[in-house]
Amino acid sequence: MLEGLGSPASPRAAASASVAGSSGPAACSPPSSSAPRSPESPAPRRGGVRASVPQKLAEMLSSQYGLIVFVAGLLLLLAWAVHAAGVSKSDLLCFLTALMLLQLLWMLWYVGRSSAHRRLFRLKDTHAGAGWLRGSITLFAVITVILGCLKIGYFIGFSECLSATEGVFPVTHSVHTLLQVYFLWGHAKDIIQSFKTLERFGVIHSVFTNLLLWANGVLNESKHQLNEHKERLITLGFGNITTVLDDHTPQCNCTPPTLCTAISHGIYYLYPFNIEYQILASTMLYVLWKNIGRKVDSHQHQKMQFKSDGVMVGAVLGLTVLAATIAVVVVYLIHIGRSKTKSESALIMFYLYAITLLMLMGAAGLAGIRIYRIDEKSLDESKNPARKLDSDLLVGTASGSWLISWGSILAILCAEGHPRYTWYNLPYSILAIVEKYIQNLFIFESIHREPEKLSEDIQTLRVVTVCNGNTMPLASSCPKSGGVARDVAPQGKDMPPAANGNVCMRESHDKEEEKQEESSWGGSPSPVRLPRFLQGNAKRKVLRNIAAFLFLCNISLWIPPAFGCRPEYDNGLEEIVFGFEPWIIVVNLAMPFSIFYRMHAAASLFEVYCKI
């Protein structure tokens, strides 16, 4: 018996091979382990291991190079922020300009080489660089270019006392932004298989260049917010806990004073969009770096489609929240710092609004998680760098908000005096922690669900179709050889004949497994039936309404901190407990991650909406 299985001349093995080669997914070939391995078969595996060693070294060396550049840039940013001796703003801008020019040279070389070999087949990661993602980065890039134009106008107005680097930097940044968006539109999905070592260094250099530009934008925006906070505290009579205003205004007169003042204020209103652009570009480039030399499977990602039908409830509620958020932010910015009474009323208004919104978001997230858990659909565990990065970013950036919230909770518990508005801060801080936890679970459940097409393919693979060539085949892929059917068919009574001589057999299951499978697929014996989750139109509409509502809510919660509505600065309790400078450092470090979390969560929820 063993010799018969291992013999290549066995008629049963030959028949199985012909069925496997012709029937495709409708037939199952015998396990490959039944055939003896050639003595030379382990050799390619050893060669593959040896070949992968240089690539692992290149990945490690390129990542270390990127970290060195990033750490050097952060130290330069820190030195300029604390006014270190011998470090000026011109030094910082020269360093960032040099990094951008080097990235521009690499992108031009890559685009030129890709254009010269455009007729060659290139592997693509269908999960990376989605259309809505590229559209978002294009919008942020346009605003970043407008920001660069304002900076050029600011330089022209103060050209008498500003160095030339402050004019060269915005020009270089604008050109860098335009070319980078073009590069990401055309090559974000690439899986690079040639010049891999060189490309690793080029891509990782681009990643950390964008991260340094992001850090530079965060630092400038934080300095501006801190100065406004100090001015409000001085107005309210808390000048004893403040330090000297960190003013970087040039020591000369602008040619049109009114225009220069408008430009300087407009610059800081555009910084949030520039910050989002830089971090979004760095994440897309990081996925490109992880995909270098990657071997992709044959499964293609199902293309997501945006459909607006059936989400009226979620969209209306979300747009209502968005309008209410804009109104709250406007009232908050008008009243805060005017007087002690107006500041307290503005804080109470914000806390009540945020508590209500966070409770609604938490309830919506719990409802979505409950629907997924009842559904009991299998998860997609395939390796996906883009999806893994999304999950890591959600957890990592949420930690910034959690740090601020835990600091507020400790300050409330440890403070000696408690103004009335602090008791609204306590439930707000607790809900901020819980809501992000629930929302992350909902997003993880959604993005790891198998798409509809994959589930059908899995069911199809469970059906083995064997056709008799004497009659019309059951499927176009069935072989037309009667001998094959006779050799493959088992000699027993377990396989009932089908009409027209076709024989369709399913995998053998015991009775318990059949009952479980029938109950999980709605009790229908049909092997090709959609999951219960996708059969229920009502459940799908509920999930899409939840995703749409959470998407608009996250956009709404991104607006207040991005445009200066930051109660962590203004309530004053944390500054009294922890000290002014320690608490300001904590807020300035954690706030950028908290702001980015909302935008990234909104992007993930948009993907969830399109996937449902």
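Placement of Cβ uses the backbone N, Cα and C atoms for every residue, glycine included.
Membrane topology taken from Swiss-Prot puts ALA58 and SER343 on opposing sides. Touching of the transmembrane segment (59-80) and the transmembrane segment (197-223) is concluded from the presence of at least three CB pairs under 8 A, sequence neighbours closer than 6 excluded. For the topological domain 'Extracellular' (154-163), the model gives a mean pLDDT of 83. Helix, strand and coil residue tallies for the topological domain 'Cytoplasmic' (606-612), in that order: 6 helix, 0 strand, 1 coil [DSSP].
Simply put, out of 164-188, 197-223, 389-413, 197-223 has the most Cβ pairs sitting under 8 Å from the transmembrane segment (265-290). Using a Cβ-Cβ cut-off under 8 Å and counting only residues 6 or more beyond its ends in the same chain, the transmembrane segment (312-334) has close neighbours at 346, 349-350, 353, 357, 360, 544-553, 555-557, 559-560, 563-565.
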